[in-house]
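Here it is, the structure in full.
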């Protein structure tokens, strides 16, 4: 049985790799302007000083370069983790399996995501001036080192991503399971996209304060207090400075971006998986 199962696992791994990469790149490029607006709203500089509506595509290059490998690594880990945990626990479609697999996937994906976010967000808020994404990363490494430069905000990014995934993926899997019983229609890439949009929008709204903290830490200048403050102290400082609205800065573009992104991402992921599955069956 193990020998028969092995090629299927490898095939699923390959499908997740390709489908995740395609879906991630499509989303990041198509919805990049919304992400820029969100980042500038959350910046310590304020929206207009961070660039306003100028240069709305600044930072696209590092985002495009990093989106495919980040998404591919995430979905490979998620699908393989889900398959492994389901076999170990002898359960199928358990929300706890989805939560554990998504959490592990987020930690690994952040190894690529965090340096990409550093380059992208500093470009978006015009901190990189006319430097390329690679130049921004090299400068961060030379002046601040690996941990405080290239991987600044690693902890706060995980602190944002894991709660986000703990909400999003069980919801997405649950909505997919309920689609046919509730509607009477078979699952399609469109239905998967719709489920992803709703799950993503809910998750994005609830985790906005964590996203604000992550943005503040990544954009902090060398002399900024945010470089040395804990996430809790940064949240408290934002609340004292701007009140409740400060904690949810960028709420509308974040929810819009991830709702649309969820539709694109999960829809393209499902479509690509189906195409690859049909191709491998033909051969």
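The chain as shown is numbered from 1 upward.
Backbone N, Cα and C define each Cβ position, glycine as well.
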Between 227-247, 248-268, I'd like to know which one Swiss-Prot lists as transmembrane segment.
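Of the candidate stretches, Swiss-Prot labels 248-268 as transmembrane segment.
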Which of these ranges is annotated transmembrane segment in Swiss-Prot: 78-98, 99-119?
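Comparing 78-98, 99-119 with Swiss-Prot, transmembrane segment matches 99-119.
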If I go by Swiss-Prot, the feature transmembrane segment sits on one of 131-151, 152-172. Which?
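It is 152-172 that Swiss-Prot annotates as transmembrane segment.
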